[in-house]
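As annotated by Swiss-Prot, compositional bias 'Gly residues' applies to 50-61. Taken from Swiss-Prot, the feature compositional bias 'Polar residues' covers 124-134. The annotation domain 'CBM20' is assigned in Swiss-Prot to 233-332. The phosphoserine annotation in Swiss-Prot covers Ser67, Ser135, Ser162, Ser191, Ser192, Ser201, Ser205, Ser208, Ser216, Ser219. As annotated by Swiss-Prot, region 'Disordered' applies to 31-73, 106-139. Under the heading topological domain 'Cytoplasmic', Swiss-Prot lists 24-333, citing sequence analysis as support. Per Swiss-Prot, transmembrane segment is recorded for 7-23, and the stated evidence type is sequence analysis.
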Amino acid sequence: MGAVWSALLVGGGLAGALILWLLRGDSGAPGKDGGAEPLKDAPPGEAAAPGGGPGGGGSGGLSPEPSDRELVSKAEHLRESNGHLISESKDLGNLTEAQRLQNVGNAREYVPVGKVPDTHSRANSETSRNQSPESRVGEWRLPKGHETAVKVAGSVAEKLPSSSPLMDRAEAASLAQSAGHEDWEVVSRHSSWGSVGLGGSLEASRLSLNQGMDESRNSLVGGGWEVDGKVVSVKPRQVSIQFKVHYSTSTDVQFIAVTGDHESLGGWNTYIPLHYCKDGLWSHSVFLPADTVVEWKFVLVENKEVTRWEECSNRRLQTGHEDKVVHGWWGIH
């Protein structure tokens with residue numbers, strides 16, 4: 001700063017001196033010429049006393065009047081002062097302008113880089129904003145592996161109707177680029193996920209599939225599963241129970257049977273005949289559900305009618321999970 005101020009002061013002083021020299025040269029030349037001619041033509045007395053009148057130098061000394069030289073010198077002095085003022089005003093103007101430029105330069109130096117307005121970058125941004133999407137897409141350079149995806153996206157964008165402003169070529173290129181990073185698996189139309197309609201979506205088909213599976217799980221009706229509107233009965237696990245009893249009949253038309261509260265034993269309304277083996281042994285196997293408790297009895301049948309019941313309370317049987325042999329005696333638990 002000190003060097004700048006000193007340079008400005010020296011320059012201002014030189015400019016002021018030059019202006020004063022020019023003003024002196026312009027004002028002194030006419031005065032000299034005008035004063036030389038009267039001195040040559042004037043009498044000796046007037047030349048000796050230019051301020052006196054025709055009567056001599058005594059009267060001139062009592063009432064002196066300003067001479068031409070004094071007027072010229074005063075005019076020169078005024079001009080010099082005026083020139084000095086003009087030069088000072090010019091110097092002050094130059095100093096003010098230099099100080100303003102220096103302040104602007106300092107401000108640019110101390111302002112952060114991100115805050116300084118850059119007209120070049122602003123013009124570039126306006127130019128890039130005015131560019132069409134086609135030119136921007138053309139400037140992008142994609143890897144070789146994604147060129148095919150970009151072409152496919154371009155064909156899809158061309159097939160879309162022109163009235164759709166939401167999908168342009170730039171967006172299609174970006175979608176194709178993002179799709180290029182993912183691995184796609186081709187699934188046949190008749191897959192386990194079912195077919196997706198043109199107006200539907202994969203999410204909708206998946207929801208319908210899950211809903212169908214839930215309905216199939218919760219469609220147990222009357223001990224069976226409901227499949228396509230039909231009830232399919234599911235039989236529980238069964239075990240084989242072999243009933244045996246010794247009884248000697250009096251006639252050949254008589255035989256021993258078993259009945260009980262389970263439907264496999266007749267439900268107390270009918271009976272299950274036992275087969276005669278030998279030595280008065282009757283036996284027969286019946287399938288009953290596993291882990292079930294049933295009540296039953298032996299009966300004597302003659303001419304297809306129950307003629308005798310065991311003389312005891314109802315027998316109870318726990319089927320369990322394995323085959324069993326129930327060997328009882330008539331009327332004895």
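Cβ atoms here come from the backbone N, Cα and C positions, even for glycine.
Confidence across the topological domain 'Cytoplasmic' (24-333), taken as the mean pLDDT and rounded to a whole number, stands at 63. Secondary structure of the domain 'CBM20' (233-332) per DSSP (helix as H, G, I; strand as E, B; remaining residues coil): 3 helix, 56 strand, 41 coil.
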